[in-house]
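Student: Got a structure here, written out as structure tokens. Questions coming.
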Amino acid sequence: MTAVTSAISELTPAPVEGEPLVEIRGLRKSFGTHEVLKGIDLVVHPGEVVCIIGPSGSGKSTLLRCVNLLEQPTAGTIRIGAMEVTDPDVDIDLVRRHVGMVFQQFNLFPHLSVLRNCTIAQDKVLGRKGADAERIARSTLARVNLDDKLDAFPAQLSGGQQQRVAIARALSMDPDLMLFDEPTSALDPELVGDVLTVMRRLADEGMTMLVVTHEMAFAREVAHRVVFMDDGMIVEQGPPEQVISAPTEERTREFLRRVLDPTHVEPGESEPY
Amino acid sequence: MALTRRQRARTVRGLQYGVLVVVLVVLALVADWETISDRLLNPQIAAEQFPEIIQVALVNTVIYTALGFSFALVLGLLLALMKLSSVAPYRWLANLYIEFFRGVPALLVFIAFGFGLPLAFGVRFGIYMTVMISLGLVGAAYIAETLRAGIQAVPKGQMEAARSLGMSSGRAMISIVIPQAFRIILPPLTNELIALTKDSSLIYLLGLATSEYELTKFGRTAMSDTANLTPLVLAGLCYLIITIPLGFLVRRLESRSAKAR
Ligand SMILES: Nc1ncnc2c1ncn2[C@@H]1O[C@H](COP(=O)(O)OP(=O)(O)OP(=O)(O)O)[C@@H](O)[C@H]1O
Ligand SMILES: [Mg+2]
């Protein structure tokens, strides 16, 4: 399975022609006096899968949250398709309708059934009622292999199942772009695979995806491009073979050494005996 | 005399039992049990209170409480949202309201609406309206605080997930946050319902038609008529019929939500 999909994504060239779907220019974000994003330039083309990696606190989540305006950027511009996200007059709800977000902590609605989790926004936001919404929810739940759990409540599901429902919930709104913020970090190791499989399939179907992740194997296989962030800046970006396997920047190398080899001990930290 | 700790504890406990036995024996010998039971729980007078005490008084108590509670819930929710508003004057107004109505006796509010407004402004509310407003205004102040705490107890990620799906903040509040807040506050809200059930007795001081009697007024009137405490005791028992199951429900809800953590 892994080998097959990996082969597919290697055969699929990064879709770089034409107009980018997402265009981020000079993005800055400060919390009080603490500048977290220090001028980010990033474009994402339709159908492209971009993985963002980097140490904790480097601003990966903040970058993602700026894209759907969960955080208000301090400076810079973001365009998604024809929408100027950073335009003060933009309809925020309209932007978010086109951008799906998957959180580390799933954030399913615990008081609603799996099916209702996937229909409520269709109903309340798109005005897509009853059978129509339900049909779409069933089909997105089938895409994440959970069409047998329609009536379950989130608390009755494993973490991996909950995260897949969260993906289906976002897909039910027919987004043009999907944002994933460490979707597998809160999962037990044995549950990570199911979620990554679903994401891999989504990528193969041509969904445009911006993924913050620590899963290097996933980034290597599925990403068209890997972006390494440190200290609020993009340090290095390029195809995974380059950024993960042959990074040019010392900071990237340093980070990958730590992530890929958890037993690695920093030179200064080694025990004296 | 050196007593060990355990010996001393046993002596103290023995002494407490001794006192209890002595008091009971004295009561049994001194009290006129026939008179007491005759004046407190006279079977014949008790029988005479039925079915009105249930069909009129208990039913009215429930109706008055339900009216007051409904109004309190709506107003309390409004106040809770005002307290969470980003517009400062709304927060001040809500705080002012809550401090005021938690600080004054409920009886005073009943007097104001039952007698004060008719006297001062010539406006006259029906009994249902008076109860609903008086009980609701007081209840809302308590419910507002409970609701605010409940809304804030819903994880921030819920609002973010709802907004990410394109819901407006109002829509997310109504469909996602408030339903969860209500689950969290169901136990304290039920306690508030118990308190309002008892507070509904305060309308006994307004002029009521016989058909409008609630438990306290009913018990008080029948007590005067019969020169016997039995009706009042029965009225008290009727309150317990409402409040004890509700209290039981609160403990069930609390242990359930404790388990869910
Ligand atoms: N709402 C906030 N208020 C203040 N500071 C914040 C806020 N959100 C994030 N920060 C700060 O911004 C910095 C970057 O945070 P961010 O969550 O974007 O990092 P990250 O790269 O996603 O890290 P991680 O891998 O741990 O998730 C951190 O120093 C964090 O403390
Ligand atoms: Mg993060």
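Cβ from N, Cα, C; glycine included.
Those TrEMBL annotations? Automatic predictions, nothing curated.
Not my notes, these are from TrEMBL:
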DOMAIN    B:58-250  domain 'ABC transmembrane type-1'
TRANSMEM  B:12-33  transmembrane segment
TRANSMEM  B:53-79  transmembrane segment
TRANSMEM  B:100-119  transmembrane segment
TRANSMEM  B:125-144  transmembrane segment
TRANSMEM  B:165-186  transmembrane segment
TRANSMEM  B:229-250  transmembrane segment
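Neighbours and distances for these, please.
Tutor: Long-range contacts of the transmembrane segment (B:53-79) within the same chain: residues 94, 97-98, 128, 131-144, 146-147, 178, 192-193, 196-197, 199-201, 203, 210-215, 217-219, 222, 231, 234-235, 238-239, 241-242, each at least 6 residues beyond the stretch ends and with a Cβ under 8 Å from a Cβ of the stretch.
A Cβ distance under 8 Å defines the sequence-distant neighbours of the transmembrane segment (B:100-119), meaning residues of its chain 6+ beyond its ends; these are 125, 130, 133-135, 137-138, 140-142, 199, 202-203, 205-206.
Within the chain, the transmembrane segment (B:125-144) has long-range Cβ neighbours (under 8 A, six or more residues past its boundaries) at 63-65, 67-73, 75-77, 79-80, 83, 94, 97-98, 100-102, 106, 109-110, 112-114, 117-118, 189, 192, 195-196, 199-200, 202-203, 206, 208, 212.
Long-range contacts of the transmembrane segment (B:229-250) within the same chain, counting only residues at least 6 positions beyond its ends with a Cβ under 8 Å from a Cβ of the stretch, are 39-42, 45-46, 49, 53-54, 57-58, 61-62, 187, 190-191, 193-194, 197-198, 215-216, 218-223.
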Student: Would you kindly list the residues that approach the transmembrane segment (B:165-186) from elsewhere in its chain, counting only those six or more residues past its ends and only Cβ-Cβ distances under 8 Å?
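Tutor: Non-local partners: 77, 81, 146-147, 149-151, 153-154, 158-159, 253, 257.
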